[in-house]
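Chemist: Here's the feature list from TrEMBL:
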ACT_SITE  Asp62  active site
ACT_SITE  Asp245  active site
DISULFID  Cys75-Cys80  disulfide bond
DISULFID  Cys279-Cys315  disulfide bond
DOMAIN    44-357  domain 'Peptidase A1'
Amino acid sequence: HLFLSDCGWAAFFCLSMCIFHSELFDFKVIRVYHDFFLNSSLFYYGVISIGTPPQSFYVLFDTGSSVFWLASTYCSSEACTNHPLFNPSKSSTYYSRDRTFYQGYGTGSLTGVFGFDTLHIEGLTIPNQGVGLSITEPGNTFVHANFEGILGLAYPSMADGQIPVMDTMMQDNLLPANVFAFYISKNFEDGSEVTFGGVDQSRYTGQIYWAPVTEQLYWQIAINGFQINKQETGWCRDGCQAIVDTGTSLLTCPQQYLGYLQQYIGAQANQYGEYMINCNNLNNMPTLSFTINGVNFPLPPSAYTMHNENGQYYCTSGIMGTYLPSRNGQPLWILGDVFLREYYTVYDRQSNQVGFALAA
């Protein structure tokens, strides 16, 4: 899984929830939004509750992993000393079969035990949902997180035998359609959201363009071309793969092309390995563009340039190297939040496809 970029922790969005009616698909969907800004990298989380009576926690909604887990009273790691903890002994509906698990991420890992309890996501009640209870959360990764767990939204093949939350909702016929969608705001005051069961027509403009999932593991799709200032690079001449991941804050580029791409956009590495950009040079920087299922999706310099303020104002590249290969050997990109702030994304489990539309 890819949920933390190597640039470390920076910003999070705190998401609150409400129910609204989608005119596009006539679905009842759940909207999750409200922003909390910490620094420069961006992650998205909102409130769920679990157990009887309910215990509430912040979770990161993550399309790059499949396991749903929470920090628990079984855990004594440092990360569990400064966060609310799920206490299964205080829930009358909790039960466990004592099966342990390990979950690794791009940064950070944990061990735990799987149990089952009633999950509440705003107006949805999901009985007998599998949940991982952390036993160890080593290192500093989750110490600084502003959430208590991760709700994975990728395919069940990565869930270590747990039935993911989306799959439970599908099995229980809780949704009018087996889709969910993300709007990730560029404006910190505007609010971001995830909807289950439909889309929010007010959050995008134009039509939704679809790309089939190439492997039901991550939300993985094919990239047919990559252009810099409308000039085809040839990097995806023989095909590329891309993972659409709300849990990766940046855009990641195949490692073999990273140096060339940073050079093209005018980024220079400093002694700490950060790629620095002149904040005054955005008007002279190139537009990057992905061809996905025959449609071009441009990224302007404002999208892939990160503005930072840590004692002084400076700009860095929002592009880093992909640290894992695709399973079919093709170059692998990760379309993280740098890309997803530009495009509203719909994750369709009915037809196993990802939809992209220009974010409103």
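Glycine is treated like the rest: Cβ placed from N, Cα and C.
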Chemist: Do me a favour and check the Cα-Cα span between Cys75 (disulfide bond) and Asp245 (active site); whole Å is fine.
Modeler: 28
Chemist: C-alpha of Asp245 (active site) to C-alpha of Cys315 (disulfide bond): distance in Å?
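Modeler: It is 23 Å, counting Cα to Cα.
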Chemist: When neighbour density is defined as the number of other C-beta atoms within 10 angstroms of a residue's C-beta, which of the disulfide-bonded residues Cys75, Cys80, Cys279, Cys315 has the lowest density?
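Modeler: Among the disulfide-bonded residues Cys75, Cys80, Cys279, Cys315, the lowest count of other Cβ atoms within 10 Å belongs to Cys279.
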Chemist: Calculate the distance in Å between the alpha carbons (Cα) of Asp62 (active site) and Cys80 (disulfide bond), and round it to a whole number.
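Modeler: That separation, Cα to Cα, works out to 20 Å.
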Chemist: Give me the Cα-Cα distance between Cys279 (disulfide bond) and Cys80 (disulfide bond), rounded to a whole Å.
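Modeler: Cα to Cα, Cys279 (disulfide bond) and Cys80 (disulfide bond) are separated by 39 Å.
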Chemist: Could you state the CA-to-CA distance between Cys80 (disulfide bond) and Cys315 (disulfide bond) to the nearest Å?
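Modeler: Distance (Cα to Cα, whole Å): 34 Å.
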Chemist: Near the Cβ of Asp245 (active site), how many other Cβ atoms are there if near means within 10 Å?
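Modeler: Result for Asp245 (active site): 27 neighbouring Cβ atoms inside 10 Å.
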